[in-house]
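Asks: Let me begin by handing over the structure; questions about it come next.
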Amino acid sequence: MPSNKSVSDAPIVQFTNCRILRDHQLQREDLWVREGKILNPEKLFFDEKGSADAQLDCKGSIIAPGFIDVQINGGFGVDFSLATDDFKSGIDLVSQKILSHGVTSFCPTLVTSPPSVYHQVLPQISVRNGGAHGAGVLGAHLEGPFISREKKGAHPEHCLRTFEAGAFQDLLATYGSLDRVRIVTLAPEMERSSEVIRELTKRGICVSLGHSVANLSQAEEAVQHGATFITHLFNAMLPFHHRDPGIVGLLTSDKIPPGRRVFYGMISDGIHTNPAALRIAHRAHPKGLVLVTDAIAGMGLAPGRHTLGQQVVEIDGLNTYIAGTKTLSGSVATMDTCVRHFQEATGCSVETALEAASLHPAQLLGIEHSKGTLNYDSDADFLMLNDSLYVQATYIAGQEVWRQDASGM
């Protein structure tokens with residue numbers, strides 16, 4: 001075949017002998033990549049009269065979009081809610097380490113903290129693409145401090161805040177800047193929360209409802225003002241009640257504006273949510289489910305004492321508690337573990353489990369045209385997995401950034 005040099009000098013790589021997750025189905029076809037993007041082979045053959053420069057035999061692997069973690073508080077000894085001078089090196093370490101768990105993009109998450117921490121940390125978070133250096137950073141997720149005292153969970157009470165007269169100005173003063181912020185979790189029952197939700201949404205920031213005692217009508221009102229996400233469903237909110245299902249009721253609400261989808265995060269670690277509750281949520285609203293790790297600094301470390309922002313936490317197996325209490329405080333589960341547990345607990349298809357960690361978070365953030373799918377022209381951020389959904393290799397922009405050691409899992 002004639003070469004493809006007339007269109008681009010960049011090499012074309014053809015991944016063969018694989019099953020690609022595309023259009024919600026695993027399909028037996030090849031994956032073509034050029035210049036960090038997924039290539040349409042028909043255009044290559046018929047328009048460019050081109051061919052592949054290199055072929056890679058995937059040996060029957062599943063190829064799926066890279067995972068996107070929109071709620072991760074840290075890991076591997078790094079706590080994103082601790083203000084340090086070398087904060088950037090902490091982000092770099094986590095972004096490198098999560099590649100082995102299939103995460104190609106993430107939102108570093110800060111729990112409720114004093115204003116000084118936001119002012120020091122947020123300027124050090126740079127939104128960037130992933131690569132050999134690690135997973136891409138999509139922007140910060142600020143979980144608190146505008147949340148409910150009754151449902152504060154592991155958040156320090158002395159740092160909680162309410163909206164005063166100049167509600168949005170209060171928020172700006174607390175955070176310092178919204179330039180690098182992608183998601184804000186707040187309690188919608190708070191006075192003046194509606195105007196804050198409208199302002200954040202206007203700026204393209206995703207508003208999530210959580211750590212809240214809101215009833216269903218308060219939650220529905222928040223969605224009508226622009227909120228699109230629920231932070232770790234069932235955790236830190238009123239339990240489902242048949243006369244007023246609270247925030248949980250958004251999953252089947254008939255008051256959601258036309259064309260709007262409410263997404264909800266689930267910590268599928270076998271600890272935070274009983275498998276039956278996971279099944280109930282998934283069956284009620286499968287297209288809104290977003291797997292999150294809610295991982296803390298202790299992820300990837302031995303059991304013992306670690307931090308979560310202003311608090312000390314103890315890790316005992318997969319359980320993480322505020323030291324000296326039985327209050328759960330984040331998770332130490334990795335994203336690939338959450339995907340496998342979700343599939344096992346719900347009996348859903350492999351495709352559904354993989355999309356809950358890729359397509360759905362991309363749709364939540366409005367980036368599904370470039371990430372979370374293997375559609376033509378989207379970013380070539382993808383994983384090779386075996387049939388048991390263990391990650392074998394991670395690719396970002398078409399380049400291999402991590403591969404499983406041949407010695408075993």
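Cβ from N, Cα, C; glycine included.
Keep in mind that TrEMBL annotations are predicted by a computer and have not been checked by a curator.
Just lifted these from TrEMBL, have a look:
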- ASP294: active site, proton donor/acceptor (ACT_SITE)
- GLU143, HIS211, HIS232: Zn(2+) binding site (BINDING)
- ALA154, ASN235, ALA236, ARG243, HIS272, LEU328, SER329, GLY330: substrate binding site (BINDING)
- 62-401: domain 'Amidohydrolase-related' (DOMAIN)
Asks: If you average pLDDT over the domain 'Amidohydrolase-related' (62-401), what do you get?
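Replies: Across the residues of the domain 'Amidohydrolase-related' (62-401) the model's pLDDT averages 96 on the 0 to 100 scale.
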Asks: Just to be sure I understand the packing, how many Cβ atoms besides its own are within 10 Å of the Cβ of ALA236 (substrate binding site)?
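Replies: Taking every protein chain into account, the count is 24.
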Asks: CB neighbours of ASP294 (active site, proton donor/acceptor) within 10 A?
Replies: 29
Asks: Round to a whole number and give the Cα-to-Cα distance in Å for the pair GLY330 (substrate binding site) and ASP294 (active site, proton donor/acceptor).
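Replies: With the alpha carbons as reference points, the distance is 5 Å.
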Asks: Near the Cβ of HIS232 (Zn(2+) binding site), how many other Cβ atoms are there if near means within 10 Å?
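Replies: Taking every protein chain into account, the count is 25.
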Asks: Tell me, if you would, which residue among HIS211, ARG243, HIS272 (binding-site residues) has the fewest other CB atoms within 10 Å in the structure shown?
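Replies: If we count Cβ atoms within 10 Å for the binding-site residues HIS211, ARG243, HIS272, the smallest count is at ARG243.
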Asks: Using a 10 Å cut-off on CB atoms, tell me which of the binding-site residues ASN235, SER329 is the least crowded.
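Replies: Output over binding-site residues ASN235, SER329: least Cβ neighbours within 10 Å is ASN235.
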Asks: Looking only at C-alpha atoms, tell me how far ALA236 (substrate binding site) is from GLU143 (Zn(2+) binding site), rounded to the nearest Å.
Replies: 12
